[in-house]
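One structure below.
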Amino acid sequence: MAPLRYLSGFGSEFASEDPRCPGSLPKGQNNPQKCPYGLYAEQLSGSAFTAPRTHNRRTWLYRILPSAVHTPFSPVEQPYLTHDWKSSDPNPNQMRWHPFPIPHINKEKVDWVQGLHTICGAGDPCARHGIAVYAYMCNTSMVDTCMYTSDGDFLIVPERGTLHITTEFGKMDVVNNEICVIQQGMRFSVEVDGESRGYVMEVFDAHFELPCLGPIGANGLANPRDFLTPVAWYEDRKVPHGRYTVINKYQGKLFQAHQDQSPFNVVAWHGNYVPYKYNLENFCVVNSVSFDHLDPSIFTVLTCQSVKPGVAIGDFVIIPPRWEVQANTFRPPYYHRNCMTEFMGVIKGSDEAKEEGFRPGGAVLYGMMTPHGPDAAYFQGASNAELKPQRVGEGTMKFMFESSLSLALTEWSQKTCECVDAEYYKCWLPLKSHFNPDWKPE
């Protein structure tokens, strides 16, 4: 099979047509009286029509049948997907989960949608304000089924297994150490090769954007050219008995409709509202070359900003392999209490600060103003280490979903889930006082 092709750039104006139908993009206009090849013109709007041009997002799709051709939606039960943040009591403790269990295919077939489990969140998609964090654990592909969310944008982080994603815009393969973003309203279907697991952040307010670089300058962190968008691909496929299922996440609930044709019938498209993926190995790391441990915001890949300048509804931050060269510095992350909420996961390798307990497929959550930092053994080691240039985190990748909202846990994530580490707090108990009132400067 030939490798998939992509378009390069972030927030760009793209145009793509399936090479099987040359000239399928209308020339010089968006919706001619008759489209080439007898196609239908359909606009997918990701912003208000009157949004400023710098924030206006839309794409024109030229498809075999409009997306409106389906039966009425009806509710679908998915017991692990919820936005009811009041169903469980607040919990200010440090939380850690061992790797989330993947169902065995011999016992139960679970596709990507069925495997979504809400861990925490805040806000309300009806008010277009908030965030939800999920884990997905699945073992089988979505067959004659697609999904879209009316509530927000999905940022998907695979930890185990490759996701073969078909969208209305084309196909993407997303492997470990890559991420993808599928924005509000975009239909997609996920195929897997076997057991698969990962994480999802959904933001309700706005779309993800690259962080401002400020004094860093014009280059660094995640460079726009490294974001990849699929090229147009279509299938003109009928499904017997009208049993192709379209799942819509709407106001925090799932609904399904049926149709007799594949939704991936877009022959050509143009616009700037697209799905995309990014390889985290392409991140250009910035760090201190003199002293002190800088704030983790220097590792921000994407951000969804609130109406307050510099305050994020959701940041996607990574802790990548890097050089550390700071002099006279405690180099690990400092002890911290944060006005933001921090949810962290391991994509590969281990956490250098807590190697035994924080493993790929697991997670930690530090709620608003919940204290956290290195455990006793790591503190002792870093406090007495020789401060020579050192390569840190080789072969690992951790990430953080950080939000200005106070995220509430679900009943499943703090009580029902079998992988909650009830003894996480004990890693800090061996910390001892080193206070010496007779200390004198050297």
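Using N, Cα and C of the backbone, Cβ positions are placed for all residues, glycine too.
Note that the structure is a prediction, hence the values are computed from the model and not measured.
Lifted from TrEMBL, the feature list:
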| type | residues | note |
| --- | --- | --- |
| DOMAIN | 5-280 | domain 'Homogentisate 1,2-dioxygenase N-terminal' |
| DOMAIN | 282-435 | domain 'Homogentisate 1,2-dioxygenase C-terminal' |
| ACT_SITE | His293 | active site, proton acceptor |
| BINDING | His336, Glu342, His372 | Fe cation binding site |
| BINDING | His372 | homogentisate binding site |
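The average per-residue pLDDT of the prediction over the domain 'Homogentisate 1,2-dioxygenase N-terminal' (5-280) is 97, rounded to a whole number. The Fe cation site is set by His336, Glu342, His372; from the centre of their CB atoms, other residues of the chain with a CB within 8 Å are Pro333, Arg337, Asn338, Tyr366, Thr370, Pro371, Gly373. Taking the Cβ of His336 (Fe cation binding site) as reference, residues of its chain lying under 8 Å away and at least six apart in sequence are, in sequence order, Pro371, His372, Gly373. For Glu342 (Fe cation binding site), the Cβ neighbour count at a 10 Å cut-off comes to 21, with all displayed protein chains included. Each of the recorded positions His293, His372 was scored by the other Cβ atoms within 10 Å of its Cβ; the lowest score goes to His293. Annotated pair His293 (active site, proton acceptor) and Glu342 (Fe cation binding site), C-alpha to C-alpha distance, rounded: 18 Å.
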